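Some notes on the structure that comes next.
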Amino acid sequence: MLSEHHFSEASQTVVRLAQSGAATEASQELMEALASRKAVTREAFEALMAQLATAGQAEEASSWFQRMIANGFEPGVKSCCAVVDAWAQRDPEKAQEILEQFEAEGRPLDRFAYTSVLGAFADAGNCERAEALLERADSQGHRGDVAAYNALLKGLVRKRDFEPRVERYLQQMRRARLAPNEITYTTILGASAERGQEAQ
């Protein structure tokens, strides 16, 4: 039986390394802890996956997600969202596939996961898929936030399809009682200036 000291020490080291951005070292530390049968916590897995997602290391995040399950931990919202976010940075299609798989399995998600994939599609100029994800998030009880609408607006600017939809998005934000922020207005002003619509 491992002492509480051993239990917390291994996990704390992994969390500290992950939070400092040292994903490789955190991975090695957690692998060694598991190999030597030291007790670790779910927080150690979650901290590592969050850092892997930040670094865009999608395969590694997915691999640790499976290891976490194999070690008897039920994935929480942090770990599920980390995997979705990691793939969103790499491959929006794959990210949506994982998002839908998690939905089907009843795994916990929050609006960040949907916004992450939505933003990836918007960045790629696929505003139709991004809009569909906004609707999907709402249907799952995760109402779109300002970040989601800002991502859509930026996508429209990249696609040069701004004018017809900008007012509709602003109206949707008002109905949802979301206040546009500095990014929202900067995006709108920049797009209008680019189109020579100084009065607007």
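Each Cβ is built from the backbone N, Cα and C atoms, and glycine gets one as well.
The domain 'Pentatricopeptide repeat-containing protein-mitochondrial' annotation in TrEMBL covers 22-133. Summarising the annotation, TrEMBL assigns repeat 'PPR' to 41-75, 110-144, 145-180.
Taking Cβ pairs closer than 8 Å, the repeat 'PPR' (41-75) reaches residues 7-8, 10-11, 14-15, 18-19, 21-23, 26-27, 30, 33-34, 82-83, 85-87, 89-91, 94, 98, 107-108 in its own chain, all 6 or more past its ends. Break the repeat 'PPR' (41-75) down by DSSP state and the numbers are 26 helix, 0 strand, 9 coil. Here the domain 'Pentatricopeptide repeat-containing protein-mitochondrial' (22-133) is broken down by DSSP into helix, strand and coil counts: 87 helix, 0 strand, 25 coil. Averaged across the repeat 'PPR' (110-144), pLDDT for the predicted model comes to 90.
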